[in-house]
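What Swiss-Prot records for this protein:
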DOMAIN    6-238  domain 'ABC transporter'
BINDING   G40, A41, S42, G43, S44, G45, K46, S47  ATP binding site
Amino acid sequence: MTNPIIAFQNVSKVFEDSGTQVLKDINFELEEGKFYTLLGASGSGKSTILNIIAGLLDATSGDVLLDGKRINDIPINKRDVHTVFQSYALFPHMNVFDNVAFALKLKKVPKKEIEERVKEALKMVQLDGYQKRSIQKLSGGQRQRVAIARAIINQPRVVLLDEPLSALDLKLRTEMQYELRELQKRLGITFVFVTHDQEEALAMSDWIFVMNDGEIVQSGTPVDIYDEPINHFVATFIGESNILPGVMIEDYLVEFNGKRFESVDGGMRPNEPVEVVIRPEDLQITLPEEGKLQVRVETQLFRGVHYEIIAYDNLGNEWMIHSTRKAIEGEIIGLDFTPEDIHIMRLNETEEEFDARIEEYVEMEEPEDGLINAIEEERHEENS
């Protein structure tokens with residue numbers, strides 16, 4: 001990693017009035033120009049981290065660094081960061097121009113420069129021409145764009161976003177995900193985004209920190225975290241998962257449901273108890289006699305792009321399957337999957353141990369070749 005723009009070194013936070021510890025020895029580094037997400041449920045500590053970076057809260061212990069310099073005692077207005085709050089915190093009695101220009105006016109920036117910079121900021125968020133519009137006459141998405149324009153007009157090193165999409169409807173929220181991500185890429189500013197929505201985190205982030213009970217449970221790229229969850233919490237919090245108890249017989253061989261299957265994981269003790277994860281979309285429905293497992297369909301829901309089927313095997317384990325075909329309740333079907341579809345989780349493995357094992361035993365991802373090259377390669381393999 002290049003020199004980090006933001007770093008936390010053994011940062012903890014305890015609220016003195018209640019004695020509640022909300023952050024426990026947090027360590028991380030953030031590179032400049034990337035989109036980071038703090039992902040967790042309510043009370044996990046994600047917003048506390050954001051507020052400590054902003055200077056709205058003090059760390060009880062540990063160091064907070066900006067460009068390698070300790071900023072624990074630096075006041076809010078002296079930090080080169082800007083926060084976009086969930087409520088947007090706009091001034092309702094001011095129009096769009098005055099809201100966006102507010103910080104520049106406080107700094108006594110020349111009037112002509114203010115006009116130029118406001119126009120450029122509004123153009124960035126697709127609100128050019130809205131300068132005189134009343135805040136109260138804007139939609140939720142437009143208000144959010146104004147808040148973002150106000151955040152970027154000072155060209156801060158870091159923009160902090162505290163669940164800014166949560167108040168929007170689904171369609172607008174999806175549109176704003178694209179806009180925020182593209183804006184961050186154009187500006188090259190470090191974004192730190194807080195959310196409880198795993199789909200937002202997966203869609204927008206370069207790097208995700210999954211939080212639970214004041215700790216960072218796992219960090220990595222969206223693909224890393226989705227494909228290789230470190231433990232039961234992450235596997236269930238990020239997407240849907242089928243999780244079963246198993247035993248790692250030896251490297252690349254796991255036993256669950258009374259059968260042994262090839263896998264791509266290793267680095268564990270022989271006969272070590274583990275948890276096995278198979279995602280619903282990785283299960284292929286086959287004829288019963290052709291499947292690696294047989295299950296009986298209990299119920300199903302139509303989700304638009306697929307049917308979500310709930311089925312049970314003869315040991316009573318529940319299976320969720322995603323299929324484009326409708327099942328018949330009560331019918332017995334086969335389930336097929338590949339070794340790459342099986343993800344192994346050790347019990348009580350630390351992130352350091354997990355990262356070391358994954359690096360040694362799991363195959364590295366092939367470089368991205370694009371869709372066309374991938375299609376041509378598949379056809380070549382089929383014809384050879």
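Even glycines carry a Cβ here, placed using N, Cα and C.
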Among the binding-site residues listed here, G40, G43, G45, whose Cβ has the fewest other Cβ atoms inside 10 Å?
G43
What is the Cβ neighbour count of A41 (ATP binding site) at a 10 Å cut-off, with all protein chains included?
12
Would you identify the secondary structure of G45 (ATP binding site) according to DSSP, in three states?
coil
By a simple count of other Cβ atoms within 10 Å, which of S42, S44, S47, the binding-site residues in the record, is least packed?
S42
Within 8 Å of the centroid of the Cβ atoms of G40, A41, S42, G43, S44, G45, K46, S47, which other residues of that chain place their own Cβ, given that this set defines the recorded ATP site?
T48, H196, M211, N212
Kindly assign G40 (ATP binding site) to one of the three DSSP-derived states: helix, strand or coil.
strand
